[in-house]
Amino acid sequence: MSHQYRPGRPEDIPTLDQQGLRDRYLVEQLLTPGEVRIVSTHFDRVVTVGAVPVDAPLKLETVDELRSDNFLDRREIGFVNTGGTGTIVADGERYELAKTAVLYLGRGTVDVTFESADAADPAKFYGFSAPAHTAYPNTLVTPEEGTIRELGDQVTSNRRTLRQCIHENGVKSCQIVMGVTSLHAGSMWNTMPAHTHDRRTEVYHYFDLDDDQRVVHLMGDPKETRHLMVANGDVVLSPSWSLHSGVGSSSYSFVWAMAGENQSFDDMDSVPITDMR
Ligand SMILES: O=C(O)C(=O)C[C@H](O)C(=O)CO
Ligand SMILES: [Zn+2]
């Protein structure tokens, strides 16, 4: 996929119509059966990857935008499996990923291939990659592992479980901070109270949302928000200045991942909903 995304300026957001916003901040159909799709961005040089092996293994190839012989020559990547069980083979080492398992692959990993255990229920590997200055070890995080934070309240419809996987106190990385948040049944709001974080790009990948449901994802300057109507599998790019929060028409989960200046999860500037416009 050749479209190159750029963060743009917060003051431009109100001048864009819905298609303009979608073209700049939404990635659709990244996870497509039988393909590896790669979308490069100028959001802290983040690259997103979707790999859905069905009948045959797929390979992670480099892309022109990276100007490197192999995808991970100067980068790291975190993968989350949001589909059926599958395997990622990294330089001959086999890592089996059940649904919501996370795999970190460090700089210098050369051969990366993807397989599904069952073509009728293929693995869906979503990847988030950022430049890396050194090589940290390739590490699997099973669905039972990670640091759990229970957030929100049923009364405010934002009860959710956040699982940190690649982070300061977990699997080590150069830049990537990554995990999965799942809404409890009956709760619809993610990341509420909302926030920005000036020092990092953040990308959300929504999954486990029924096809006939949507998430209304809020973005832009907190004082001048706009929204995107997001479907299952969609990816939303948030520049450092953009608020990111959403309300679903049913429960759902999402992978969140960040890259930028620091890795401190709590380095957020909270925005009370009463200050949002
Ligand atoms: O539900 C949440 O709250 C989140 O998942 C928040 C994200 O992890 C985030 O935006 C971290 O900066
Ligand atoms: Zn955030």
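If you go along the chain as it appears here, the first residue is 1 and each next one adds 1.
The backbone N, Cα and C atoms fix where each Cβ goes, and this holds for glycine too.
Automatic, uncurated: that is what TrEMBL annotation is.
Taking Cβ-Cβ distances under 8 Å and a sequence separation of 6 or more, the neighbours of Glu202 (Zn(2+) binding site) in its chain are Ser238, His244, Trp256, Ala257, Met258. Residues or ranges marked as Zn(2+) binding site by TrEMBL: His195, His197, Glu202, His244.
Same-chain neighbours of the Zn(2+) site beyond His195, His197, Glu202, His244, judged by a C-beta within 8 angstroms of the site's C-beta center, are, in sequence order, Thr191, Ala194, Thr196, Arg200, Ser238, Ser242, Leu243, Met258, Met268. Neighbour counts were taken as the number of other C-beta atoms within 10 angstroms of each residue's C-beta; across the binding-site residues His195, His197, His244, the minimum falls on His195.
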